[in-house]
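Over in TrEMBL, the protein carries these features:
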TRANSMEM  45-66  transmembrane segment
TRANSMEM  86-108  transmembrane segment
TRANSMEM  124-145  transmembrane segment
TRANSMEM  151-172  transmembrane segment
TRANSMEM  179-200  transmembrane segment
TRANSMEM  212-229  transmembrane segment
TRANSMEM  250-271  transmembrane segment
TRANSMEM  307-334  transmembrane segment
TRANSMEM  346-368  transmembrane segment
Amino acid sequence: MATQNGNARQHQANGKIAEHELGLTLGGKNDPALKPNAEAKSADTLLNLIICAGGIYASFLTWGVLQERITTTNYGTSTNREVFQYPVVVNTVQSLFAASLGYLYLLFTRPTPASMPVIPSRKILGPLCLVAIISSVSSPIGYASLQHVDYITFILAKSCKLLPVMFLHVTLYGKRYPFYKYAVVALVTAGVAIFTLQSGGGKKKTTNSGNSIYGLVLLSINLLFDGLTNSTQDDIYAKFRGYTGKQMMVALNIMSTILTTLFLLLSPYIAQTGVGAMVGISTGKGAGELWDAIAFIQRHPAVGRDILMFGAAGALGQVFIFMTLSIFGSLVLVTVTVTRKMLTMILSVVYFGHALTAGQWVGVGLVFGGVGIEGYLTKVEKAQKAREKKKA
């Protein structure tokens with residue numbers, strides 16, 4: 001979703017950090033924040049680091065717990081399961097929060113009142129709309145996969161953004177990468193494979209193996225769409241040099257809010273068509289996702305509060321990510337983001353009572369080790385290029 005995936009998600013191929021499990025664009029290579037200056041260096045204090053890192057951890061750990069609780073909790077009985085299965089409603093709330101808070105952040109941080117418009121030209125509208133559409137389709141697919149795979153598998157897979165991003169850059173744009181990136185992809189892929197193959201010993205959802213395979217297929221499609229989103233964003237940054245991640249974040253979330261709201265309003269009519277049956281829209285009482293979701297929340301008010309907190313936590317996390325990026329740079333942000341994902345997974349194990357086998361922990365170590373190595377080597381590579389440029 002063009003809101004968070006984080007994101008919350010992580011990609012540094014072109015100097016950009018992104019949290020695709022949120023679907024939010026965090027920063028681009030055109031961002032002034034990515035260029036260190038004397039002001040930023042003087043602000044590099046322990047207090048700032050505690051505030052920035054603490055804000056990211058608090059926001060996204062809360063966001064992760066709420067995401068798992070919203071998408072996996074049975075609000076009914078053992079014989080009559082009721083799980084909140086209305087991802088477009090969740091995405092709409094999330095993108096609305098992110099657009100609102102992102103716009104306020106943009107207003108307070110832009111150099112002058114007239115600078116950094118959300119949409120600087122008509123030419124950029126087409127590519128932005130494409131990203132918003134892809135993200136709006138991708139996020140519900142990711143949420144749907146959570147009905148068939150556990151949350152830890154979901155988090156682990158979402159840490160492997162480099163694979164689809166590199167695949168699409170190579171196939172669509174003919175880009176080539178240094179050898180270490182291919183090695184990192186192999187390491188991360190091996191980690192995910194080991195984790196998945198060793199999943200039999202852990203606590204699993206009550207689904208059959210066919211559903212588990214279906215969930216992995218949905219998750220793979222979600223990752224592919226995330227990669228397409230990232231690749232298209234890179235293309236936008238290349239063509240529109242003055243455009244920054246903060247502007248894109250606001251623009252994409254506004255567009256996504258409009259798109260998902262239109263879908264929710266039209267879903268009662270879509271539900272009566274073959275397309276509705278294909279995508280699983282209810283044809284029962286109050287046909288359409290919006291009214292079904294409202295009815296669910298009326299029966300179980302707790303999920304409504306969780307959705308609002310989920311949207312607020314994700315949006316607030318973006319502000320702390322930009323603060324970290326502008327004060328400390330991308331390497332610190334990569335470190336905080338990787339450790340945050342590890343903590344999210346550990347919190348899921350503790351809070352929701354998941355059990356991991358020794359083999360699964362090996363897989364986890366390979367994934368986060370690979371992601372951490374990739375972030376470090378990318379920073380070293382950029383520093384080396386900067387030194388060579390100065391010598392020239």
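Note that Cβ sites are derived from N, Cα and C of the backbone, with glycine treated the same way.
What you see is a predicted model, and the numbers here were worked out from it, not measured in a lab.
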Closest-packing stretch to the transmembrane segment (151-172), where packing means Cβ pairs under 8 Å, from 45-66, 179-200, 307-334: 179-200
Ranked first among 179-200, 212-229, 250-271, 307-334 for CB pairs under 8 angstroms with the transmembrane segment (346-368): 179-200
Candidate ranges 45-66, 124-145, 179-200, 307-334 - greatest C-beta contact count to the transmembrane segment (86-108) (under 8 angstroms): 307-334
Stretch contact, the transmembrane segment (307-334) with the transmembrane segment (45-66), Cβ-Cβ under 8 Å, 3+ pairs: yes
